[in-house]
Amino acid sequence: MVQKISILGATGSIGDSTLQVIASHPTEFSVSAVTAGHNVELLAEICHRFKPSFAAIADAASYDAFKMAVAGLDIETACGEAGVLAAAAYPADRVMAAITGFSGLRPTLTALENCPIVMLANKECLVAAGSVFMDIAAKHNTTVLPVDSEHNALHQLLVAKSIDDVRHLTLTASGGPFLNMPLDKIGEVTPEMAIKHPVWPMGEKISIDSATMLNKGLELIEAQHLFSVPADKLKVLIHPQSIMHGLLTMHDGSVMAHMGTPDMQIPIAYCMGWPERLNADIAGLDLAAEGELSFLAPDFNRYPCLELAYEAMHAGRGMPTVMNAANEVAVEAFRKAQIGFMDIANLIQVTMSKMMDADISDLEDVFAINEAARRQALDSIPL
Ligand code: NDP
Ligand code: MG
């Protein structure tokens, strides 16, 4: 049976990899609904090629241009936040949640409420909404499959195992483009330098998060909720080649690792096929060609954002929501050259210290704290 796949954030990097997996399995998958933020041209191209039944563009000002670009196709269209939510609720067997940032939260929640399987790429929405997010998934009996490569690795490793038998879970990190840069030079890096990731081609926001390693901090909190593990069972290991994605250390001393070429089509194919395996046309791993794999512990002087994320994870309550919001503001300000690279951590730290009482018990709190933390962070620029 052909499975219908909807893609929220179809014009992004994860959206593109998802469409590539679909294109190589034309008898197994079809595209149901797609969304974009602003990119009219690419969304229209996707509609012409993949013939979805529904497409929405978040930017209402681009709607007329989009309708013209898909004129003649048998497709329903919509725009604005309501349009994106309608796409998330459109009938599908699986939804890929790949809108970037907190703005992906409402669409992803709508997908959780309407679709039996949500393939989760957007980590920010899980970090910001935490257990509220997981409770909504549980209430609707929705399976959340992690697309993020490290969590996807751990998901595969945890099959038929109890989390009680695991001593700790390790997420690997490439270390980003500034792993070997002299510490006193990092303050001078430009957005263009931060966006050039050495291993993974990704969207701009996650590339900057990888450079600060706040990305790994988001992933620690993501893992905490996805696998219901206490914060002290989660570790981070730098592994520049990004071949090994996740490790489980068992109580008996055994360590199991998951490996794969750094290509997001691999975790995406796992999520699309689950619980079966797709016969994916993806190059295998050639360890002999790889030669050496190396590992090192993260240095908080180089990656202060990672230390802040550990603090937020241990503090719990509303602190991950605050940290995520402050980071989104900081990354945007860095991209506009309003603050320097190391100021990203400073801005997150200042915002967290001013919002120590933040707590969340429901979705309303999540939106209110996200808004308050954004305002607080914006008020602190320039630092
Ligand atoms: P991109 O920036 O490449 O793509 C983001 C997508 O979201 C685009 O389709 C964009 O539309 C859309 N979008 C952005 N803002 C809005 C908005 N306000 N409303 C509706 N749509 C919007 O990001 P990535 O694909 O790299 O990442 C997507 C998510 O997946 C992120 O949360 C990231 O952390 C996560 N992730 C990504 C990985 C990767 O390898 N790329 C790996 C693991 C996780 P448009 O471009 O048309 O404006
Ligand atoms: Mg990752």
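Note that Cβ sites are derived from N, Cα and C of the backbone, with glycine treated the same way.
For 5-130, the entry in TrEMBL reads domain '1-deoxy-D-xylulose 5-phosphate reductoisomerase N-terminal'. Residues or ranges marked as NADPH binding site in TrEMBL: T11, G12, S13, I14, G37, N39, N122, E124, G203. Taken from TrEMBL, the feature 1-deoxy-D-xylulose 5-phosphate binding site covers K123, S149, E150, S174, H197, S210, N215, K216, E219. The domain '1-deoxy-D-xylulose 5-phosphate reductoisomerase C-terminal' annotation in TrEMBL covers 144-227. Among the features that TrEMBL reports, Mn(2+) binding site is placed at D148, E150, E219. According to TrEMBL, the feature domain 'DXP reductoisomerase C-terminal' maps to 259-375.
There are 27 other CB atoms within 10 A of the CB of D148 (Mn(2+) binding site), with all protein chains counted. As a whole-number mean, the pLDDT of the domain '1-deoxy-D-xylulose 5-phosphate reductoisomerase C-terminal' (144-227) in this prediction is 96.
Highlighted here would be the binding-site residues (E150, H197, N215, E219) whose C-beta falls below 6 Å from ligand 1, but none qualifies. Distance noted between the C-alpha atoms of K123 (1-deoxy-D-xylulose 5-phosphate binding site) and G37 (NADPH binding site) is 18 Å. Distance between Cα atoms for E150 (1-deoxy-D-xylulose 5-phosphate binding site) and S13 (NADPH binding site): 17 Å, as a whole number. Taking the binding-site residues T11, N122, N215 in turn and counting surrounding C-beta atoms within 10 angstroms, the largest count is reached at N122. In the structure as shown, the Cβ atom of H197 (1-deoxy-D-xylulose 5-phosphate binding site) sits within 10 Å of 20 other Cβ atoms. Taking a Cβ cut-off of under 6 Å from any atom of ligand 2, the binding-site residues T11, S13, G37, D148, E150, G203 reduce to D148, E150. The shortest Cα-Cα distance from E219 (1-deoxy-D-xylulose 5-phosphate binding site) to any of the binding-site residues (T11, G37, N122, D148, G203) is found for D148.
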